[in-house]
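Structure, as structure tokens:
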Amino acid sequence: MKALLFLLTLFLILPNPISAIDFIFNGFNDSSSNVSLFGIATIESKILTLTNQTSFATGRALYNRTIRTKDPITSSVLPFSTSFIFTMAPYKNTLPGHGIVFLFAPSTGINGSSSAQHLGLFNLTNNGNPSNHIFGVEFDVFANQEFSDIDANHVGIDVNSLHSVYSNTSGYWSDDGVVFKPLKLNDGRNYQVWIDYRDFVVNVTMQVAGKIRPKIPLLSTSLNLSDVVEDEMFVGFTAATGRLVQSHKILAWSFSNSNFSLSNSLITTGLPSFVLPKDSIVKAKWFVFVLVLICFLVVALVGLVLFAVVRKRLERARKRALMEDWEMEYWPHRIPYEEIESGTKGFDEKNVIGIGGNGKVYKGLLQGGVVEVAVKRISQESSDGMREFVAEISSLGRLKHRNLVSLRGWCKKEVGSFMLVYDYMENGSLDRWIFENDEKITTLSCEERIRILKGVASGILYLHEGWESKVLHRDIKASNVLLDRDMIPRLSDFGLARVHGHEQPVRTTRVVGTAGYLAPEVVKTGRASTQTDVFAYGILVLEVMCGRRPIEEGKKPLMDWVWGLMERGEILNGLDPQMMMTQGVTEVIDEAERVLQLGLLCAHPDPAKRPSMRQVVQVFEGDKAEIFEAESSEDVESWMLMKMGSRGSSREFWYGSSSHPTIEQIRLQSLSVSLSSWNSSILEGR
């Protein structure tokens, strides 16, 4: 009885013999009954071939008996060690894909799996399902974003999902752990892999077949497989192709859950090679074609270089001749190119603060990093850019007014790169303050907007009457009004400007400017005048006060919209809603209404009915004597005298006698406004 009890106790404490399994394949027999094949998997010449050139196909091979993976008493996962030699053999002139997986599966067959990026392991619906009970190590040669693959040549540990729990680029570490040497999975070479699992740690190591196993694993991670594997599982390999194809092959395989040195018995040398041979360049069919093409390209390149050199020299000579006159005549000093290049950090794109039709504008520092400037670099390939450069030098170079951007200097590089250097305007362009939603920008108040419009009017008056010659700006718009540190407006961009004698007729016939700001007569005849500048200024007034661009998709043109509001007695509804929420707007609401009326008058379609810029400035100044002296026409004097004494509501004037105002009424009311709080003289430039 004691002997029987002893034998029973011994049986319970000793490992169950059915839990131990060892097998080794140094090649596979065609008639082997130890491996079950599924899909397109075959055994050829003692090599287990999982896939071939068939597109969108799956091949799977499993050991034909289940393997106990859990201890029958403790239910803990049994350790195991497996090693195999595989190759991904590419086909000539075919892109290779997709990959191979060593796996534990609860059942045989390939049902529930898809080809291509799913590697014959899962499909679109069951990927990531805990009920899969699949553990695998993938060798993947395609980076699938949906699975968060790290690259197109990686090894990953998969648990019920193709989203690897741990992955790394395929390769191995040097024994000192300092140098990582990548291995290309699908280059046709034979690779040996070692996968060990014990004490809840998975180690994956790989190396070129025939070489010593690296000391440091490629992958090593803690992993509890208790909820993943079942008591008994099938073990083997699966691979798949898609539009990309290659042959996934297993040349040798060992597995044990008791002997971790069994892999030493694998034959790793003398194995067939599947690396594609390299064709001789001379024998290649495309060699002659490429050689002829190269010769042709060389000849063409030499011809183009010679043509470019000759053309550049002729262009340089032409431009040099063109520039000689004004270079000697105009005072703005020439700044060395090296200083400008250094100040803009080599025209770094990070310093771009604006882009115009003929070039970019960069922020820079001159005079040892002390002076902030804006550098306008005009395209050397543009004839318009050349004309713009000469125009700005010859006009803006000699103009001096507090409401015009100051030109500090210019630069003309020999190769034809033209630059204009201006004072830097810290607060950028006016349209940025009107239209951009920027936390750093506060909404301009009504009083600030009127002050800015007053300054712009002063600058335009100086151009028309205050200088030795008459200057037509021809491109007045919100983006060409810059604001300095003190929010003083400065009119900029004189690239379209033209200079004429005060008594000289204007001979422009070319339509230039910006859509929405062009006066009707410019569109019809191409002729610019001081009145076309007045028209553009009127549109600017409406734009600034209403917070709307001249032309917006799906909306009426700005001028027509404001005119309609005025006819209905609702002109105040046209004011910018953001501006109406600013502090103090009610105190200047009458002035805002009159400025809108002034804008409408300036933008009248009949140039003869528009005021001059002198009249506009005098409206802002409120100097009655100057208004009177500025006009000689008897009818103009009569309406000015009549309206200067009127302090009644403008709405009474507009709508007291008729339902629709006339342009003469607009002219009378607008030009009789007295804004007495604005008393600084702006008729002289300074």
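Any Cβ shown, glycine's included, is placed from N, Cα and C.
The signal peptide annotation in Swiss-Prot covers 1-20. Summarising the annotation, Swiss-Prot assigns topological domain 'Extracellular' to 21-286 and lists sequence analysis as the type of evidence. Annotation source Swiss-Prot lists region 'Legume-lectin like' at 21-256. The feature N-linked glycosylation site is assigned by Swiss-Prot to Asn29, Asn34, Asn52, Asn64, Asn111, Asn123, Asn168, Asn203, Asn224, Asn259. Annotation comment: Swiss-Prot describes 287-307 as transmembrane segment, evidence class sequence analysis. Annotation source Swiss-Prot lists topological domain 'Cytoplasmic' at 308-686, citing sequence analysis. Under the heading domain 'Protein kinase', Swiss-Prot lists 347-628. Swiss-Prot lists Ile353, Gly354, Ile355, Gly356, Gly357, Asn358, Gly359, Lys360, Val361, Lys376 with the feature ATP binding site, giving sequence analysis as the kind of evidence. Here Swiss-Prot flags Asp475 as active site, proton acceptor.
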Open item on the list: Long-range neighbours only, meaning 6 or more apart in sequence with Cβ under 8 Å: which ones does Asn259 (N-linked glycosylation site) have?
Closed with: Asp22, Ser81
Open item on the list: Which secondary structure state does DSSP assign to Asn168 (N-linked glycosylation site), in the simple three-class scheme?
Closed with: strand
Open item on the list: I'd like the number of other C-beta atoms within 10 A of the C-beta of Asp475 (active site, proton acceptor), please.
Closed with: 22
Open item on the list: Around Asn168 (N-linked glycosylation site), which of the listed recorded positions (Ile353, Ile355, Gly359, Val361, Asp475) come within 10 Å, judging by Cα atoms?
Closed with: none
TODO: Taking only the Cα atoms, work out how far Asn224 (N-linked glycosylation site) lies from Ile353 (ATP binding site), in Å, as a whole number.
DONE: 58
Open item on the list: I need the least crowded one of these glycosylation sites (Asn29, Asn52, Asn64, Asn203), counting other C-beta atoms within 10 angstroms of each C-beta.
Closed with: Asn29
Open item on the list: What whole-number Å value do you get for the CA-CA distance of Asn111 (N-linked glycosylation site) and Asn123 (N-linked glycosylation site)?
Closed with: 9
Open item on the list: At 10 angstroms around each C-beta, which of the glycosylation sites Asn34, Asn111, Asn123, Asn168, Asn224 has the fewest other C-beta atoms nearby?
Closed with: Asn111
TODO: Compute the C-alpha separation of Asn64 (N-linked glycosylation site) from Val361 (ATP binding site), stating it in Å without decimals.
DONE: 74
- [ ] Work through the binding-site residues one by one (Ile353, Ile355, Gly359) and point out the residue whose CB has the fewest other CB atoms within 10 angstroms.
- [x] Ile355
- [ ] Provide, as an integer number of angstrom, the distance between the C-alpha atoms of Gly359 (ATP binding site) and Asn52 (N-linked glycosylation site).
- [x] 58
Open item on the list: I need the CA-to-CA distance for Val361 (ATP binding site) versus Asp475 (active site, proton acceptor), whole Å please.
Closed with: 17
